[in-house]
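If you look up Swiss-Prot, you'll see HIS83, HIS472 marked as Cu cation 1 binding site, on the strength of similarity to another entry. Taken from Swiss-Prot, the feature Cu cation 2 binding site covers HIS85, HIS128, HIS533, and the record attributes it to similarity to another entry. Look at Swiss-Prot and you will find HIS130, HIS474, HIS531 tagged as Cu cation 3 binding site. Annotated Cu cation 4 binding site per Swiss-Prot: HIS469, CYS532, HIS537, in sequence order, evidence recorded as similarity to another entry. Here Swiss-Prot flags 33-149 as domain 'Plastocyanin-like 1'. Per Swiss-Prot, the feature domain 'Plastocyanin-like 2' maps to 159-307. Residues or ranges marked as domain 'Plastocyanin-like 3' in Swiss-Prot: 411-552. Positions annotated as N-linked glycosylation site by Swiss-Prot, on the basis of sequence analysis: ASN52, ASN74, ASN79, ASN111, ASN236, ASN333, ASN385, ASN403, ASN451. The annotation signal peptide is assigned in Swiss-Prot to 1-25 on the grounds of sequence analysis.
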Amino acid sequence: MPRVHHSLSNQAFLVLLLFSSIASAAIVEHVLHVKDVVVTPLCKEQMIPIVNGSLPGPTINVREGDTLVVHVINKSTYNVTIHWHGVFQLKSVWMDGANMITQCPIQPSNNFTYQFDITGQEGTLLWHAHVVNLRATIHGALIIRPRSGRPYPFPKPYKEVPLIFQQWWDTDVRLLELRPAPVSDAYLINGLAGDSYPCSKNRMFNLKVVQGKTYLLRIINAALNTHLFFKIANHNVTVVAVDAVYTTPYLTDVMILTPGQTIDAILTADQPIGTYYMAIIPYFSAIGVPASPDTKPTRGLIVYEGATSSSSPTKPWMPPANDIPTAHRFSSNITSLVGGPHWTPVPRHVDEKMFITMGLGLDPCPSNAKCVGPLDQRLAGSLNNRTFMIPERISMQEAYFYNITGVYTDDFPDQPPLKFDFTKFEQHPTNSDMEMMFPERKTSVKTIRFNSTVEIVLQNTGILTPESHPMHLHGFNFYVLGYGFGNYDPIRDARKLNLFNPQMHNTVGVPPGGWVVLRFIANNPGIWLFHCHMDAHLPLGIMMAFIVQNGPTRETSLPSPPSNLPQCTRDPTIYDSRTTNVDMSY
């Protein structure tokens, strides 16, 4: 009898817990107006597309468990999608916002509503345009706090402060599609260039602090093409999360963020009352390519309460722009917070193993054209010697859902077509080397069974020049089991992989001339993009996509698309049924 009573008590407790969980969730609604607006971060007026009249765009605040509803109204002259960078999109792949992958774009004078649940995630993420180069000016912070009543796994800070780092060009964003992309004119902190640049000396981000208080810095690298070092003069910070995954607290005086990465770090105002610079500088990782000699730090200010206005700010010592050891030391020392909120152990059994080479290459110069790349060709990029071609007639997700052929091929290779000394490319290449320099152009995907564990060795190559590539996976976090330089050794290096508390990311920088080992569980059906997060490399084709098949239940299967999903084609027969079986290869 007591056992029955105990069971009933458990049932009552579970019902109460479920009710409490539902009651704590909310529907959070926003409207994003995309318009072309004139702004002047430096000396020159520039017409750019921005959201709700601000650069960066509005910060979106939610709690874990909430439903986010965002109405995007496109009043700009550009096609637009919004990607929710790092959000899992469980059962909502149609809301991922990857242009021509999960949806066709929102065309000018049109609108679309994104709606999805925030499940199993806490921390700082970002939202941004996912049409090439529009991310430069269409972006903002997405902050996910714990459910009501649940604390952070660290002492509550006095204040939370978003810091968004940006890259600025005094030119039309359409020109950024050139190969290679033009060099940026400045970097910004929360939309301000600071005192290193003309015409902006009085426009600098200021963070006012109280001595002895702690501040949670929610740091986002929204720069289009550049890794960034970040430092605060005379202050250390404690990293507590990366890519919205809690970490073992890590004390450091310098951080590096790849494009698309986020860091949550606690700053303690523990220095004498005064004024201190915070600064960012670009990290130039390309081996053999000298860093720009006129690289300027972009600065903001930490101003202590009681500081006199006449005092000169203390300057930080910044690492050299090509300081690979400092970048690697920071990136490789982060570990996950074992037992923390949403932590899960590393799966030991692996179902799919892939070895993916990555890097730059060449694309034949069109006849009657002048190309400025090496050997008078156009720059290209590839994964396993495949240059990814983005579809133009219909999104890949729709093609998959409606069984439309001719849009992509299910043949992305698990291995590169040729084994060679990946990190040391010959100065006088052989015929086979030349083949590797001119990758195949194809829209390739890799199909994975639902709930499979996938392990990927990402090997950077020295074709043209090795540089760090920030690889971003949509729809999942992945375990980063190890980093290294040189060619990955499947015996020696595999023994050193961290299977206990590896860091987890949605975006990771592959070291120049080195490798990274990733592992993730494919538990989210749909088509998910995997690509370099330097936008200059998107048109070069450093990307591929995974198709995760349906699971055994309705809850683990791909949902139908929303009725108002933007369409690329006016042909209504394509959308009649899931067995349309149209061929769009023409």
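Each residue, glycine too, has its Cβ placed from N, Cα and C.
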Tally every other Cβ atom lying within 10 Å of the Cβ atom of ASN385 (N-linked glycosylation site).
22
Measure from the Cα of HIS531 (Cu cation 3 binding site) to the Cα of every one of the recorded positions HIS83, HIS128, ASN403, HIS472, HIS537, then give the nearest.
HIS472
Take the C-alpha atoms of HIS469 (Cu cation 4 binding site) and ASN403 (N-linked glycosylation site) and report the distance between them in angstrom, rounded.
33
Along the domain 'Plastocyanin-like 2' (159-307), what average pLDDT does this model show?
92
Do me a favour and check the Cα-Cα span between HIS130 (Cu cation 3 binding site) and HIS83 (Cu cation 1 binding site); whole Å is fine.
6
Of the recorded positions ASN74, ASN111, ASN385, ASN451, HIS537, the one whose Cα sits nearest to the Cα of HIS128 (Cu cation 2 binding site) is ASN74
For the recorded Cu cation 3 site formed by HIS130, HIS474, HIS531, which further same-chain residues have Cβ atoms within 8 Å of the site's Cβ center?
HIS83, ASP96, ALA98, ILE101, HIS472, LEU529, PHE530, HIS533, MET543
Whole-number Å value for how far ASN52 (N-linked glycosylation site) lies from HIS472 (Cu cation 1 binding site) (Cα to Cα):
27
